[in-house]
């Protein structure tokens, strides 16, 4: 099978197989990536779903949507497009739609972290799971609609003619949606987030001198970890998708992939790097987030649901136990006081015989 094509598989091009510069290496690479990436993403989805239910935070809902879109990208692009190469109608639309959804879920995550750090009052009003699910639904619908024009995406491997005006429009739309516009948003919002964190670090000594600094350490550490996770996700995306964007634009204006083997090779390698982005988030989450590591450990040991149920019951019974203990302690104190300081009995009346 030919695994050189990442996007733009059309039914008319399946009768002509393109020559892959790397030979069978892409087959091995994408097979390993699929066998490792899909189980890892499923494990990530289960762990994030438990964290979302447990904490009721919109952050984990956005991460769960990002993981789901990565799974769709692996199934449509790697499995159907590469390993099977089955001419399914609308497969190109599904590939681009899954790709767009994955990237713009990362944009949603960036916006959520920006609002949480720079506008905390607004974040408390709009950051809850139901609102996050609505936004994610809208993003997935827009991603599906944005993939429809790419039904006419040309096969870069097999088309020897120079790119047409339609090809130029589709290529520029593609690189704008998947790279230039998201990376611009990442750059602006991440810069504002870093500036805000530095301002908080400068204000931290003053707040500790005034008192109450210890109570703010835990929320500050939590915001720092979530911000570090965001910066890691966006930085890895920008690095892994940059080569493919450059090669596609180079193909459009300088030399065609079909005519120059060096551009062909560069396009192969850039596609491999881009698809690697669908399987690395699990390791980033494990490296940054301690709650995620604990959730993964609970899933692997099949004990997460039981522990969560016990914790919930423990928190539910805590007030009752507190009241009972206070009541029993009060009764014990009262009995102790009664034994040490007995209350004097009132004097008895003398009972005499009344003469008639």
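For all residues, glycine too, the Cβ spot is worked out from N, Cα and C.
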From 206-229, 230-253, the residue range that TrEMBL assigns the feature transmembrane segment: 230-253
Stretch of maximal Cβ-Cβ contact with the transmembrane segment (28-48) [cut-off: under 8 Å; candidates 60-84, 96-115, 172-195, 230-253, 265-288]: 60-84
Selected stretch (most C-beta pairs under 8 A with the transmembrane segment (135-152)) from 60-84, 96-115, 230-253, 265-288: 96-115
Cβ-based contact of the transmembrane segment (265-288) with the transmembrane segment (60-84), 3 or more pairs under 8 Å: yes
